[in-house]
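Asker: The following feature annotations were taken from TrEMBL:
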| type | residues | note |
| --- | --- | --- |
| DOMAIN | 119-233 | domain 'Phosphatidic acid phosphatase type 2/haloperoxidase' |
| TRANSMEM | 85-105 | transmembrane segment |
| TRANSMEM | 117-135 | transmembrane segment |
| TRANSMEM | 156-179 | transmembrane segment |
| TRANSMEM | 185-206 | transmembrane segment |
| TRANSMEM | 218-236 | transmembrane segment |
| TRANSMEM | 248-266 | transmembrane segment |
| TRANSMEM | 278-297 | transmembrane segment |
| TRANSMEM | 317-338 | transmembrane segment |
| TRANSMEM | 375-396 | transmembrane segment |
Amino acid sequence: MAELLRSLQDSQLVARFQRRCGLFPAPDEGPRENGADPRERAARVPGVEHLPAANGKGGEAPANGLRRAAAPEAYVQKYVVKNYFYYYLFQFSAALGQEVFYITFLPFTHWNIDPYLSRRLIIIWVLVMYIGQVAKDILKWPRPSSPPVVKLEKRLIAEYGMPSTHAMAATAIAFTLLISTMDRYQYPFVLGLVMAVVFSTLVCLSRLYTGMHTVLDVLGGVLITALLIVLTYPAWTFIDCLDSASPLFPVCVIVVPFFLCYNYPVSDYYSPTRADTTTILAAGAGVTIGFWINHFFQLVSKPAESLPVIQNIPPLTTYVLVLGLTKFAVGIVLILLVRQLVQNLSLQVLYSCFKVVTRNKEARRRLEIEVPYKFVTYTSVGICATTFVPMLHRFLGLP
């Protein structure tokens, strides 16, 4: 078993997969440090900046949760593509696991398809992403070594590898959607199962093709998600009733995620993991509060879960498509406005409280600034998406 695990963690296995798919390092590429442990990379690179201490005056020790060493800029590796079919297929598949896909797909589902489904998808997505992100910073397994692996992404190179949160999110979204629609819509189950498997498989394989994960990272992410779905499935019905909870429910929804974000595992250098985790938990908290507001103030005429089973999926007509895109465009514009407004206001308040120069972009990485401003911003975004955007749709006469 130990030998099998070592082979699945081997970077050479990822490199062979890339070569079979027509992705090769440029001929002049020499040894690089991309594959080293992130902590070692940060320590070896000269001129690495250090973040200011929590009090803004440069104390001896970092504040709770503050990463002192900044990760070095990721090296953009040169490569040769000999099979553009696989290149574009896996680049597109990788995009299906990125945050930009989920912040478009999940709101679109809520505004145009079924709020009941979007709530389940968002809650499960938040759960698996939080566990995956925390597991990365606890295990601290490095990403594949380069060389021999070619790495196509640079933003996430500063994060650790195990488990693959792209694989976790794709598996969670695909199979939660399948399970939640089985008894709600009439369609061939085999077709839905095939689509879920294809979607999650493409995202998983894209993590190998882009050189960001080993086979063990991907398999670990899939297995953790499968276990979480099995363990949480009995509570899904209870989750559906959370919007009818007591008036104290929103307080718990805010306090618990904020506590988890503020006490996120400390790393030896700065990476976007904590910020991304805060964004995800805050968005989930905002969506949950938004559903509670809708129920408590009776802003929706009929709970989504009480609707009868739809015998057939409505056909995609030109009218439906134009209406859906219009509602999506209106919603995204309002969300972007709210996001920018709340972010600017929260940063101004925090900068004033901690006496930080507004132009100091590094200050955003400090624990006492990064977590509150991101949490307030994306909680507001979640509430806006589930409460105010549907109200605007009704005001504009968009059914």
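Along the chain as shown, residues are numbered 1 onward.
Yeah, the Cβs are placed from backbone N, Cα and C, and that goes for glycine too.
Please treat TrEMBL annotations as automatic predictions, because they have not gone through curation.
For each feature listed, report its degree of burial, its nearest neighbours and the pertinent distances within the displayed model.
Answerer: Looking at the domain 'Phosphatidic acid phosphatase type 2/haloperoxidase' (119-233) alone, the prediction's average pLDDT is 87.
Under 8 Å from some Cβ of the transmembrane segment (85-105) lie the Cβ atoms of residues 21-23, 125, 152-153, 166-167, 169-170, 173, 199, 202-203, 205-207, 209-210, 276, 279, 283, 328, 332, all in the same chain and six or more residues away from its ends.
A Cβ distance under 8 Å defines the sequence-distant neighbours of the transmembrane segment (117-135), meaning residues of its chain 6+ beyond its ends; these are 102, 106-107, 109-110, 162-165, 168-169, 172-173, 176-177, 180-181, 184, 221, 224-225, 228-229, 232, 236, 239-240, 260, 264-265, 273, 276-277, 280-281, 283-284, 287-288, 291, 304.
Beyond the ends of the transmembrane segment (185-206), by six or more residues, the same chain brings 89-91, 93-94, 96-97, 164, 166-167, 169-171, 173-175, 177-178, 218, 221-222, 309-313 to within a C-beta distance below 8 angstroms of the stretch.
Counting only same-chain residues 6+ beyond the ends of the transmembrane segment (278-297), those with a CB under 8 A from a CB of the stretch are 99, 103, 115, 118-119, 122-123, 125-126, 129-130, 133, 242-245, 247, 249-250, 253-254, 257-258, 260-261, 264, 303, 370-371, 374-387, 390.
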Asker: Could you tell me what the rest of the chain brings near the transmembrane segment (218-236), counting residues at least six beyond its ends with Cβ under 8 Å?
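Answerer: Here the qualifying positions are 8, 120, 124, 127-128, 131-132, 135, 162-168, 171-172, 175-176, 179-180, 200, 204, 207-208.
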Asker: So what's near the transmembrane segment (375-396) in sequence-distant terms, Cβ-Cβ under 8 Å and 6+ beyond its ends?
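Answerer: Result: 107, 110-111, 115, 254, 257-258, 261, 278-279, 281-291, 293-294, 299-300, 327, 330-331, 334-335, 338-339, 342-343, 346.
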Asker: How many of the residues that make up the domain 'Phosphatidic acid phosphatase type 2/haloperoxidase' (119-233) does DSSP mark as helix, as strand and as coil?
Answerer: 82 helix, 1 strand, 32 coil
